[in-house]
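As structure tokens, the structure follows; a few thoughts come after it.
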């Protein structure tokens, strides 16, 4: 009796794994609609009770009803995900297929391996008891382990994989998996040959997994090369933009120099009439050309100059006042890290300003200076509202696809951590201040 009670509690506990993976993966990739965590707990419990009901039907031998639970569960997930998560239905269905496709494959593989170890009838393993509990716990823990490995590789480290390349593999796996799942869950088709058939299922699934892993690894390598090439192209475009800005500024200065005599005579003529306001207006018309040229040429680091020049043009087009004070030309970062760091800092600042309807309140101030022992990077920008944070203090994106968006602060923090720096955020009612500090004593590559 005690063993039976313990088994029931273990079943109830282990059945929380699949609902947890579903909620956690959706919460990580998509953007939650609700701030109240009760909605997500309710969604979790709903799926949990559906899974418990399916498991109970299996133990009672109601196989047909048990099979009908799958479409009910999928419909439930799609409907609930539309209510509590932002994002396209296609993305949600794709995630659902991946999460539960992996779960079903693991069930089949673990079940087949257990029959290889202990060749008994399949009915024995599907009955309520120690053997079924051992299979269920093994499969769910393996599923949880694989999920955390995948989560660490894809979501935390943000390794870029082009998901469109993986779709054919997932679809192929679904077609290959369907007859095996039907065979696995339908005892009437198996009769007395359960051991042989399940051995075949296990072998086929392991071959399928091996081929899929190899294909996925190949796709990952291809994606990594494409991403490196894309980053290199972006750096070249930044430099090209910088050189175009220098050329444009040089041409302006040449024109100004060519006409300087005429300008001086014009200013002198206006001054003689004592219309000093007109003199100021005339000088102000000449000043932007000189100011822009000085600002571009004052930044000695080509990569930083490229980024600042491009982002300033982008900000100007969006009616954002952009000022910078940069007195540093050498940094401890690689060129790639320098580009990623400042591109993300300024992109975030521009995006925050775009949300302000009043263009007069839009501004970005970038300051980079160095004391004897510290490198300081300060970026101030206007905000329409305070950005939201998760329970770990990380800023949440307002965009629907969190896998592709909302990585800016994470990338910045990763670079800061790599060089033993400090990242502080000061939030005002209408201002966001990002302060990055790198100490010479803590940074091995401090220049």
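Quick reminder: no glycine exception, Cβ is built from N, Cα and C everywhere.
Quick caveat, the model's predicted, so the values are computed rather than measured.
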From 165-185, 228-248, the residue range that TrEMBL assigns the feature transmembrane segment: 165-185
Chain residues outside the transmembrane segment (68-85) and at least six past its termini with a C-beta under 8 angstroms from it: 22, 26-27, 30-34, 39-40, 43, 46-47, 50-51, 53-54, 57, 92-93, 96, 100
Overall pLDDT of the domain 'Sensor histidine kinase NatK-like C-terminal' (337-438), taken as the mean: 82
